[in-house]
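Chemist: Encoded as structure tokens, here's the structure I'll be asking about.
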Amino acid sequence: MSESSPRISKETSIYGDKFKIASWNVNSLKVRLPHVEQWLKKAEPDILVLQETKTIDENFPAEEIQNMGYQVVFSGQKTYNGVAILCKDEYLIEDVVMDLPDLDDPQRRILAATINGIRILDLYVVNGSEVGSEKFEYKLHWLEKVTNWIEEQSKQYKKFVILGDFNIAPKDRDVHNPKSWHEKILCSTPERNALQKILDLGFADSFRLFEQEDETYSWWDYRSGGFDKNMGLRIDLVLSSKLLAEQCTASYVDPEPRGWERPSDHAPVVSEYRNLK
DNA sequence: ATGGTTGCGTAGCAA
């Protein structure tokens with residue numbers, strides 16, 4: 001192609017190149033690093049946020065990720081949790097936050113950064129174990145503190161994406177068997193109300209901005225062949241602020257990596273935007 | 001059915 005000829009492809013439109021943001025709970029980055037590399041090559045997201053990296057910062061595979069053409073910031077701990085934000089080399093990463101002023105928590109579940117003028121908040125929401133348990137109360141308390149911080153950040157950042165493993169299925173249509181999950185963990189009313197409080201701050205569940213196939217999920221239990229039977233839940237979400245929801249052109253789950261050898265139990269979720277580059 | 005599977009770390013917890 002000569003230098004003067006315009007680049008014409010489905011990637012280019014009158015709105016300019018799409019800007020692609022994705023989230024993936026990898027359930028151990030050490031084990032899943034080959035999948036992350038394979039998926040980055042396939043999807044070419046501008047930003048990919050990870051949850052459950054399950055590694056201390058000292059052992060984080062930063063060089064390997066840089067060799068994939070991505071910058072990375074991360075917040076990890078031993079054995080559990082751990083979050084990371086990857087973005088293409090061309091962007092600046094600014095204003096990184098991993099601790100909320102009002103939440104003293106050793107668990108590494110929160111990572112915020114501003115990239116390409118967009119505030120990105122990567123969340124690994126507490127699972128909660130069982131409704132009514134101590135961990136459940138911690139989940140609700142954690143969500144309350146995070147929601148308060150989001151409200152404050154929203155005043156400052158109009159281009160704002162909150163994404164990650166929310167460990168909450170927003171509605172019964174996001175659940176393979178709503179009857180068996182009725183008021184169970186990930187589906188209970190207090191959890192759904194807590195999610196709604198975030199949405200009420202002016203965010204949209206990007207996936208629901210578009211027509212979607214029924215029974216689309218993002219997580220399938222390793223046990224009992226959950227993926228093959230499509231017994232899943234949609235608990236991995238991309239929430240777009242009003243301004244970004246207007247620019248959102250697509251949002252979907254990519255179930256392919258869930259079918260790869262030795263997969264994470266989660267699939268990547270993606271949202272695409274116009275006019276952001 | 002308090003089952004089943006995976007990861008970390010090497011027993012039992014967390015998901």
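Note: Cβ is positioned from N, Cα and C throughout, glycine not excepted.
Pasting the relevant annotations from TrEMBL:
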{"type": "DOMAIN", "residues": "A:22-266", "note": "domain 'Endonuclease/exonuclease/phosphatase'"}
{"type": "ACT_SITE", "residues": "A:Asp165", "note": "active site, proton donor/acceptor"}
{"type": "ACT_SITE", "residues": "A:His266", "note": "active site, proton acceptor"}
{"type": "SITE", "residues": "A:His266", "note": "site 'Interaction with DNA substrate'"}
Chemist: Cα of the residue listed as 'active site, proton acceptor' to Cα of A:Asp165 (active site, proton donor/acceptor): how many Å, rounded?
Modeler: 9
Chemist: Output, ordered by sequence, the same-chain residues six or more apart from A:Asp165 (active site, proton donor/acceptor) with a CB under 8 Å from its CB, or 'none'.
Modeler: A:Ser23, A:Asn25, A:Gln51, A:Glu52, A:Leu123, A:Tyr124, A:Val125, A:Trp219, A:Ile235, A:Asp236, A:His266
Chemist: Kindly assign A:Asp165 (active site, proton donor/acceptor) to one of the three DSSP-derived states: helix, strand or coil.
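Modeler: Where A:Asp165 (active site, proton donor/acceptor) sits, the three-state DSSP reduction gives strand.
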Chemist: What kind of secondary structure is the residue listed as 'active site, proton acceptor' part of, going by DSSP in three states?
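Modeler: Assignment for the residue listed as 'active site, proton acceptor' reads strand.
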